[in-house]
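Data block below; observations after.
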Amino acid sequence: MVAMLEFPKWLSPEIIPGLPFRWYGLMYLIAFSVAWLLFRRESKRLRAPWTEDEAANFFIWSIVGILLGGRLAGTLIYEPSNYYWIKPWFIFWPFDESGAFVGFQGMSYHGGFVGLIVATLIWCKVNRWNWLDWADLIAVSAPLGYTFGRLGNFINGELWGKVSTAPWAMLFPNAERFSAKEPWVQEVARAVGIRLVSMNDMVNLPRHPSQLYEALLEGIVLWLVLWFFVRKRRTYRGKSVAIYAIGYGVARFIVEYFREPDSGLGYILALGDPQAPTARFVSLFNFSMGQILSFLMIVGAVIFMLYARKHFRIAPGEPMFVDAAKRGESGDFGAGRQKGTSGARGTDGIRENSGPRTSKFNAPSARKLRKKIK
């Protein structure tokens, strides 16, 4: 009896065979669209004091930061051959050396996360907004979109998991094969009902569909926690960001035990049996690059949370949103605009209306905000 699942044969990386339109790219487009719709909805609910044009501009910067950071880390950190260090112009060039179209293969979540932070910090600094106000909104909006990115990985048949005999383990057509001479390969094949014809065969074994594990834990579950339990309990600025980073880091750290380490990198820290095959789960003490980066992410987020709880608390009656100019006057953030200077903000650091606004967020006027502050 065969105890495993076959990868769906009707799934293909290309939307239309022969044309350079792939499901993975479409999944990215859907992911960004979902995140934008949730971000926009939450901004309306909270009557955020920025225009829709400003929100769209911020979101464009976010996307650029994610793509740049994800691509740089995916090519410079996860590519073991150092090919992109030698020929960096191919990082953002969608053709290989023969001129064939290959797209942009290789993205890193952690690189995208850092790129997002850098890009949005720059945008908020230039536009004199409090970064944490925007970042908290992104944190509760983004995880559901991330689900579609992992579904794209699944459709591509990439980033598969370790070999497993679980009933839901799946045969991925492009996965690494193993020599039938290996005792552990014979053991797994016997357990799942694969018949070995010759000891010279290279065998494809079922694996954990780790892409779907990530889509569930790092996407759907994390979003449900943030959207229904965190976003309406914002007691300090940066709370949603910290919980998101901790939640993602923990989920990714756990799933990495079921995901095969990146080819060529293996285990970055092998405290268990270093000779054990990386395709099998053999020890809790062998750590992949994803686990190392997720651990650092968790530690950084915990430190930030402890700091934010002390320094960025939202007092009763205090406006939910402030800009960088206002925070600059209280010494919490950058200097911002000085009092009395001309510009888009008044002396209290809140944006003043200088004419008709195109905002669809129903942002309160500066006069109402000043009354709340007083």
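Placed from the backbone N, Cα and C atoms, the Cβ positions cover glycine too.
Unlike curated entries, TrEMBL annotations are predicted automatically.
In TrEMBL this protein carries:
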TRANSMEM  20-39  transmembrane segment
TRANSMEM  59-78  transmembrane segment
TRANSMEM  98-124  transmembrane segment
TRANSMEM  241-259  transmembrane segment
TRANSMEM  279-307  transmembrane segment
REGION    328-374  region 'Disordered'
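The stretch with the most CB contacts under 8 Å to the transmembrane segment (241-259), chosen from 20-39, 59-78, 279-307, is 279-307. Within its own chain, the transmembrane segment (59-78) has Cβ neighbours under 8 Å at 32, 36, 39, 84-85, 91-92, 104, 106-120, 122-123, 138, 262, 265, 289, counting only residues six or more beyond its boundaries.
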